[in-house]
Amino acid sequence: MKLPKEGDFITIQSYKHDGSLHRTWRDTMVLKTTENAVIGVNDHTLVTESDGRRWVTREPAIVYFHKKFWFNIIAMIRDNGVSYYCNLASPYIMDQEALKYIDYDLDVKVFADGEKKLLDVDEYELHKQKMGYSSDIDYILKENVKILVDWINNGKGPFSQSYINIWYKRYLELKNR
């Protein structure tokens, strides 16, 4: 599979553990790809839910996916600062159709003022039983929550303001070419 290049548009597909399609983002612009990571941007991107509902993202958001970590990061660039929505999810795969990952319900929200919240714990516990998440997956996800919180607390990667500035600036350059 050939990696997408800077400026290419890709589709992102989120699945549930049982294999059902959860959510699709159309036309995410690729800012950078490496052997292990994809950085992109969604800006007024069409999102389709599994029940067919559709909506459009409101503000630019830098998205970060990695092949070694069990989370992905959405940095939403708003007037009051950058807020983050982090999905606990499988490492991504990429094929001809889309960038794909399994969403494991748990989310970490980071508000512009730095406050953090772990979300959807009840949904995670319900789906863990219903879809049969293994004890290995449960352990991996809980360890990756710790890694993610460490990244947040230490301003690592997407949680660094300079990272956001660099990639948002690059997006604006590509958008205005």
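Cβ coordinates come from backbone N, Cα and C, glycine included.
These features come from Swiss-Prot:
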- Arg23: active site, proton donor (ACT_SITE)
- Asn87, Asp103, Asp107: Mg(2+) 1 binding site (BINDING)
- Asp105, Asp107, Asp120, Glu123: Mg(2+) 2 binding site (BINDING)
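Annotated features, which come from Swiss-Prot, shown on the structure.
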residue	record	Cβ contacts under 8 Å, 6 or more apart
Arg23	active site, proton donor	Gln13, Ser14, Val47, Thr48, Glu49, Ser50, Asp103
Asn87	Mg(2+) 1 binding site	Ser14, Phe71, Asn72, Ile74, Asp103, Tyr104, Leu106, Asp107
Asp105	Mg(2+) 2 binding site	Leu88, Asp120, Glu123, Tyr124, His127
Can you check what DSSP calls Asn87 (Mg(2+) 1 binding site), collapsed to helix, strand or coil? strand
Check: same-chain CB within 8 A of Mg(2+) 1 site center, minus Asn87, Asp103, Asp107: Ser14, Phe71, Asn72, Tyr85, Cys86, Leu88, Ala89, Tyr104, Asp105, Leu106, Asp120
Across Asp103, Asp107, Asp120, Glu123, listed as binding-site residues, the smallest other-CB tally within 10 A is for Glu123
Quick check: with Asp105, Asp107, Asp120, Glu123 left out, which same-chain residues have Cβ atoms within 8 Å of the centroid of the Mg(2+) 2 site Cβ atoms? Leu88, Tyr104, Leu106, Leu119, Val121, Asp122, Tyr124
